[in-house]
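This report refers to the structure that appears directly beneath it.
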Amino acid sequence: MRIILITGISGSGKSVALNALEDAGYYCVDNLPPRFLPELATYLAGDGKDRLAVAIDARSGASLDDMPQMIRDLSGQHDVRVLFLNASTQALIQRFSETRRRHPLSGSPAHDADVGLLTSLAEAIERERELVAGLAEFGHQIDTSNLRANVLRMWVKRFIEQEHTGLALMFESFGFKRGVPLDADFVFDVRTLPNPYYDRELRPLTGLDRPVIDFLEALPVVQQMMGDIESFLQKWLPGFRDDNRSYLTVAIGCTGGQHRSVFIAETLAARFASEGNVIVRHRDAPIDVDDSSKLVA
């Protein structure tokens with residue numbers, strides 16, 4: 001059975017991801033106490049079901065401490081994948097304010113007994129980060145701070161479609177003006193390269209469009225930058241594989257995340273295609289984005 005565990009920070013889009021998995025034919029359960037997961041998987045497998053998606057969050061409390069070992073145990077019997085959703089505290093506060101929802105840890109005891117109850121939303125968010133931090137290393141992380149719901153659904157679809165063998169190498173483009181992705185393992189700043197934005201004909205395009213590609217490919221400094229990044233990754237990738245990492249996210253950032261970072265992320269993904277499980281995504285470029293869609297909530 002394939003089991004997708006969705007976890008992360010409340011307000012980061014777990015419901016959106018779970019709905020996307022339900023649409024893809026998964027048997028979905030929200031807020032399942034972790035101790036019931038092995039029993040549920042056994043029951044559903046016996047009932048002929050082969051796809052299960054479960055959302056687990058900080059409301060599980062102390063049970064989260066047992067999750068790392070449970071994931072290891074389940075992985076010996078099933079194809080287990082963990083999807084960890086995250087977002088900046090600022091984005092989360094804005095979402096809770098707009099939806100008028102209460103954070104699940106609001107009013108719960110603080111980590112320090114002398115403090116009493118968690119009264120502010122920011123305190124509850126930070127406490128939740130502490131509780132679920134141990135699960136982040138097991139899964140593929142997605143920073144939803146600037147994502148629209150339809151883009152998250154698309155990324156979840158790609159996540160379940162990819163092969164789950166060895167290290168998955170993710171190249172992610174982004175714009176520094178919207179912040180560095182929280183899910184990045186390596187961040188490369190390419191803002192020093194010539195910017196197609198200042199060419200009026202190239203400004204409305206992206207790094208996927210041929211005129212922008214031709215512009216950047218012709219610049220020796222761009223080729224040198226990509227060569228340096230490629231050499232660095234070629235040197236250190238074996239160490240990450242030996243460490244049994246499931247995912248490695250390489251973030252490429254320019255000013256707006258539309259031209260230079262998109263082109264370089266795509267080019268590097270193509271160069272590393274022979275490595276096997278290579279994924280590319282563009283956080284801030286206007287690609288496959290319906291402007292009428294709401295941000296993840």
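Each residue, glycine too, has its Cβ placed from N, Cα and C.
Sequence annotations record features per position, and here Swiss-Prot assigns ATP binding site to G8, I9, S10, G11, S12, G13, K14, S15 based on sequence analysis. Per Swiss-Prot, the feature GTP binding site maps to D57, A58, R59, S60; the stated evidence is sequence analysis.
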For the binding-site residues S10, S12, S15, the one whose C-beta sees the most other C-beta atoms within 10 angstroms: S12
Largest tally of Cβ atoms lying within 10 Å of a Cβ, found at which of the binding-site residues I9, A58: I9
Rounded inter-Cα distance in Å - G8 (ATP binding site), A58 (GTP binding site): 8
